[in-house]
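Here's what Swiss-Prot has on this protein:
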{"type": "MOD_RES", "residues": "LYS99", "note": "N6-(pyridoxal phosphate)lysine"}
{"type": "BINDING", "residues": "PHE279, ASP280, VAL281, GLY282, GLY283, GLY284, LEU285, GLY286, VAL287, ASP288, TYR289", "note": "substrate binding site"}
Amino acid sequence: MPILTIREVCNINHWGIGYYDVDDSGEIIVRPNPSQHNQIVSLQKLTEAVQQKHQARLPVLFCFPQILEHRLRDINRAFQTAREECGYKGGYCLVYPIKVNQHRRVIESLMSSGQPHGLEAGSKAELMAVLAHAGTRQTLIVCNGYKDREYIRFALMGEKLGHQVYLVIEKLSEIQMVLEEAEKLGIKPRLGVRARLASQGSGKWQSSGGEKSKFGLSASQVLQLVDILKQKNRLDCLQLLHFHLGSQLGNIRDVATGVHESARFYVELHKLGVNIRCFDVGGGLGVDYEGNRTQSDCSVNYSLNEYAATVVWGISQACLEHGLPHPTIITESGRGITAHHAVLVANVIGVERYKPRRLDAPSPEAPRVLHSMWETWTDISASREKRSLRSWIHEGQFDLADVHNQYNVGLLSLAQRAWAEQLYLNICHEVGELFNEKHRSHRTIIDELQERFADKLYVNFSLFQSLPDAWGIDQLFPVCPITGLNEPIARRAVLLDITCDSDGTIDHYIDGDGIAGTMPMPDYPEEEPPLLGFFMVGAYQEILGNMHNLFGDTATADVVVGEDGQFTVIDYDEGNTVADMLEYVYQDPKELMKRYREQIEHSDLPASQAMSFLKELEAGLNGYTYLEDE
């Protein structure tokens, strides 16, 4: 059976969708425009350059605004093609929900891209940002989320400023406030209604859709809303129908089912005299984190073109059947826009690797359990084909449990316990070499042994800050070394962050057609492990990241790549300092320095050492929150 390379099992050809690839030297390259083959940069060389020019300290988050622009073009193009093929006469507007990533660099990159799109806000603070970035050109703005009068007034101000602002009614109590505030401003509001569907997608985010969804109106509440607007002579204000099946939909059938049900709402609202002009299908466009094209939680079984065709065809069929006008289709595809544009590069600060040790046989007077373990060990070499491979491991497990029990009651010494534990590892390692992946019955125990003997890589990052979804909902992200991908798989590894939390580990890794509990790695010197890349972290991760152990935002570099492969760092941020993080929890750095000074003055340190300590403490407050030792 041929030995696979890292490139072959990390699926970069699939999840990278052209933005990320591997060059002939085995380094990961970034290509912001997949059709421009010379517009590439090596992630390793980029990291080295930023470290040299900006004295950047790892970890660094690299962001590629050109990928954002290309994602806009791709999604717009997919819906343009779908509309042409269906003969769809309505328009299309891609709306960016800024909750996915509210960073200024993201919104400004989208607004300056030249690609048509709108913006969505889900809170008062987000609306304030949206109104500012919308600028002087007319922008379609969708206002979701729960609203108070101030939120509503700001939205109506946006309409007065020339934007096309839709206030989506999430609960019935909002409509009265909207009508009252609109009257005060002398403006006719554009209203939308979020319908709560029975349909919902499957996966980690399914609760955001369906009948038990936090948001939206039930069928009876939609009818009540129509009645209220009729009574107020404002039925013509209701122009947008919105629904949401859930984020990261893995199965295209869920998309088709949801569009079909929501199209029925469109038809019925028209029968009630409501002239719906915009059909907002919400989010749901998934990205393939696994690169497997399956309907699992972190993958999708469809392409972007299939998604667009499914949405457009579902709406057009309802319009054709009932002779209704084609509405403008809106999608809120935030994950599809932003996920690929950001990659975190981090260094490994330590490696813990299993090394077989030669052990001497127990002395004749040693306890029986130690002799039993030794007999198992010698039996492996003497009779490999005569017994079940599992039986040797099971016997070792039983004996080791007995060793621990005897140690706990004082019958064995610490040295004897250490000998037994090492011998058990030797037994497992030796037997593990005899298992065959071709035998289905062996696969489970092979996985278990791979996890037991995997290298432990201590990575200079916080899982809670940089990949919170990996911790919170077990989401899988592509992660692999950024060099050596053309080399054969020689080792297995598990990744641990530097927080003081046992949850700070990555448990799932891409492994060809499946998911494994260990990460395939090339051979590498223990004292010089490769840099690691954490990919597709551009959606939600920066915003959801938390301050566990006061690890802060990483350094960030915004990079533009030229057609000749030359790159420019257009913006660089050093990330949070220790002082920044302490201020978040109301620790005043000046007060801390004062207290350091008081302690040093009351100590018996020599003057030179006292001054040195004070300078080091001050430098520590102004330093990076991550480990800085080279």
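Glycine too: its Cβ is placed from the backbone N, Cα and C atoms.
In this structure the C-alpha atoms belonging to LEU285 (substrate binding site) and the residue listed as 'N6-(pyridoxal phosphate)lysine' are separated by 15 Å. Here the C-alpha separation of VAL287 (substrate binding site) and the residue listed as 'N6-(pyridoxal phosphate)lysine' works out to 17 Å. In the three-state DSSP scheme, VAL281 (substrate binding site) is classed as coil. The least crowded of the binding-site residues VAL281, LEU285, VAL287, judged by other CB atoms within 10 A of its own CB, is VAL287. Proximity of TYR289 (substrate binding site) to non-local residues of its own chain (separation of 6 or more, Cβ distance below 8 Å) is seen for TRP15, CYS298, SER299, ALA339, GLN475, LEU476, PHE477, PRO478, MET536, given in sequence order. Take the Cα of LYS99 (N6-(pyridoxal phosphate)lysine) and measure to each of the binding-site residues PHE279, VAL281, GLY283: the nearest one is GLY283.
In three-state terms derived from DSSP, TYR289 (substrate binding site) belongs to neither a helical nor a strand segment and is classed as coil. In the three-state DSSP classification, LYS99 (N6-(pyridoxal phosphate)lysine) falls within a helix. For GLY283 (substrate binding site), the same-chain residues lying six or more positions away in sequence with a CB closer than 8 A to its CB are PRO97, HIS244, GLY246, SER247, THR331, GLU332, SER333, GLY334, ARG335.
Neighbour density for PHE279 (substrate binding site): within 10 A of its CB lie 26 other CB atoms from the protein chains shown.
All protein chains considered, the CB of LYS99 (N6-(pyridoxal phosphate)lysine) has 20 other CB atoms within 10 Å.
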